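Student: One structure follows; several queries about it will come next.
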Amino acid sequence: MCFFRYTTLAFFVSLSVAAIIDTEGLPDTGLNTTLWVPGQAPPLDDIFNLHDMQLAAKNTMSEAGYGFYRTGALDEMTYHANLDIWKNIKLKPRAFRNVASINTETTILGHKFSQPFFITSAGLAGISNPTDGELAFVRAAAKAGILYTSSIASNKTTAEIGAAAASNQTLFRQIYPWSNTTRLQTDLKEIEENGFKAIVLTVDNPTESGIRTRSRRTGGPDSSDTHAQNFDLTALAALQKQTSLTIIPKGIINWRDAALLHSLGFPACYISNHGGRLVDGQQTAAEVLLDLRKNAPEVLDDGKMEIYADGGVRHGSDVLKLLALGARAVGLGQSPMFANIWGDAGVDKLISILATELSTEMKLVGVTSLAEINSTIVNTKIVEGWLE
């Protein structure tokens, strides 16, 4: 009787310290979190996909820190649309293909990379990794041979990030069109002096950074009022004249703007809805690419302008679908932040998971190189009903 009482007590005590995590509707693939200790990063051996990394970060980080990374704008319709769009784009595998050898190498603005996906700009990596912050991304990207685009809202300085780069490593740097032109010129100078190869200019949030209710509830940063409200094509042209580096406009979420940049001779543009953190209820990157295919196919076909895209990418199959729709490379912003709770090891594992998924999906679909990936491998009939 005493044994039963004590073992029962021990059982309930163990339950009280086990991690009870709201999975937020993420796919249930059998992840067992009962042995996770709240506030501590769980063993990396428990992690099999990027959704697992999000739940591990939720278990490990403060509510405010996780909320800042996780938040979307308002009711988070765009945030969830980014995750749900993949259900409506079907892959069309072919049999009788020799897929013994897979090549995922690509170039971005002429720079060679091992994979068509990259770590894109997201602010304040020091929240999940107070010691190394963005430096873990620099090192992991170098090891894997992929691109890292760091955010100007980084915990580490432009100089620190540039100095951490490996020999011959290619890094891009993201900036905003600040209303303070002196600050903007200083940023441009520092980016050039520290070896970055291109500038990713976020153009989708004049003045406001979106009303991010989830983050506000937990005391996260509020909207910025430091962005230029009058940043038009004239200002963009003037900014390009101030730097020798290629400027890649990011935050393009209307096919007309992509077509406009193409007509103006820009070598690249970046389709993104800012992770659903700005306008709630707007299109996903996949929809914009399909709008381009329907209304301005030359933008995708003539090879004059590279297109990058992001938003809700959690699997190699998501990367494959965006490539099939016309993207040259695919960015991940939120998931690397979650992976950074383990530092370099976590980011290494994220890249490894995604690379393995992509090569596996390519074999299963029946393509062996990025050149073979095109719209014939996807069925987009459901999404086409939503287009202009």
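Cβ coordinates come from backbone N, Cα and C, glycine included.
Remember, TrEMBL labels are computer predictions, not curated facts.
The active site, proton acceptor annotation in TrEMBL covers His274. The feature FMN binding site is assigned by TrEMBL to Ser151, Gln174, Thr202, Lys250, Ser272, Asp310, Gly311, Gly312, Val313, Arg314. Residues or ranges marked as glyoxylate binding site in TrEMBL: Tyr176, Arg212, His274, Arg277. Positions annotated as domain 'FMN hydroxy acid dehydrogenase' by TrEMBL: 42-383. For 208-227, the entry in TrEMBL reads region 'Disordered'. Summarising the annotation, TrEMBL assigns signal peptide to 1-18.
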Student: For the glyoxylate binding site, please report the maximum Cα-Cα distance among Tyr176, Arg212, His274, Arg277 in Å.
Tutor: 19
Student: Assuming the binding residues for FMN are exactly those in the record, Ser151, Gln174, Thr202, Lys250, Ser272, Asp310, Gly311, Gly312, Val313, Arg314, what is the maximum CA-CA distance in angstrom, rounded?
Tutor: 22
Student: Just jot down the residues in the same chain as Val313 (FMN binding site), at least 6 apart in sequence, with C-beta under 8 A of its C-beta; none if empty.
Tutor: Phe117, Val319, Leu322, Val330, Gly331, Leu332, Ser335
Student: Give the sequence-ordered list of residues that share a chain with the residue listed as 'active site, proton acceptor', lie 6 or more positions from it, and have CB atoms under 8 Å from its CB.
Tutor: Thr202, Asp204, Asn205, Gly210, Gly251
Student: Name the one residue among Tyr176, Arg212, Arg277 whose Cα is closest in three-dimensional space to that of Ser151 (FMN binding site); these are the binding-site residues.
Tutor: Tyr176
Student: Please classify the secondary structure at His274 (active site, proton acceptor) using three-state DSSP.
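Tutor: SS state of His274 (active site, proton acceptor) = helix.
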Student: Near the Cβ of Arg212 (glyoxylate binding site), how many other Cβ atoms are there if near means within 10 Å?
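Tutor: A 10 Å sphere around the Cβ of Arg212 (glyoxylate binding site) contains 25 other Cβ atoms.
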Student: If I take every residue in the domain 'FMN hydroxy acid dehydrogenase' (42-383) and average their pLDDT values, what number comes out?
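Tutor: Its mean pLDDT is 96.
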Student: Would you kindly give the Cα-Cα distance separating Ser272 (FMN binding site) and Tyr176 (glyoxylate binding site), rounded to the nearest Å?
Tutor: 15
Student: Among the binding-site residues listed here, Ser151, Thr202, Ser272, which has the most company in the form of other Cβ atoms within 10 Å of its Cβ?
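Tutor: Buried the deepest by this measure is Ser272.
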Student: Could you state the whole-number distance in Å separating the C-alpha atoms of Gly311 (FMN binding site) and Arg277 (glyoxylate binding site)?
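Tutor: One finds 11 Å between the Cα atoms of these residues.
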